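Per Swiss-Prot, the features are as follows:
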type	residues	note
BINDING	130, 173, 177	Fe cation binding site
ACT_SITE	174	active site
């Protein structure tokens, strides 16, 4: 049974056992574009990926299922070499406040593509991690500070979104996955915390 057949079974909930780890060649492959109309499997896969992210951010479900928290997941991380990503960034507000919207960014993207980006680069001050990497890799992961992304939804409708800050970093991380790139490829090997002129450090 293929990974997509197993994962899209009605009763299946994606867990850490479904996520492949660094060293698996699927993580280094250029994933295939999906064609429209999507297959039922491809639609269900996107929904299951989003369900996993919601479970991973729910303390009760995460503990019950042994999940690491995640804000993004790409199909290649499930050993499925397709250009499908899911992103789920919670709205962070001051303690005691309730956000109007639970999520700052919530999307299942088919064939996402960066169509333009800022000259300025940015990196998360605390570095990045990945559900497919079980070790800590310190260093600044240098990315574009702002990006414009085109993608299709499950109905084949095209969307264009402009992203900055943390949302921009998350989507770039996931698009890297469908292009066979790992986050640590973008860390300066000789000086992991090198700061070149104009680099925006996001805290």
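Glycine residues also receive a Cβ, built from the backbone N, Cα and C atoms like all the rest.
Distribution of Swiss-Prot features across the structure.
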residue	record	contacts (Cβ under 8 Å, 6+ apart)
130	Fe cation binding site	22, 173, 182, 183
174	active site	72, 73, 74, 85, 86, 87, 109, 112
177	Fe cation binding site	27, 31, 74, 76, 77, 85, 132
### Query
Tell me, by DSSP, whether residue 130 (Fe cation binding site) is helix, strand or coil?
coil
### Query
What is the Cβ neighbour count of residue 173 (Fe cation binding site) at a 10 Å cut-off, with all protein chains included?
24
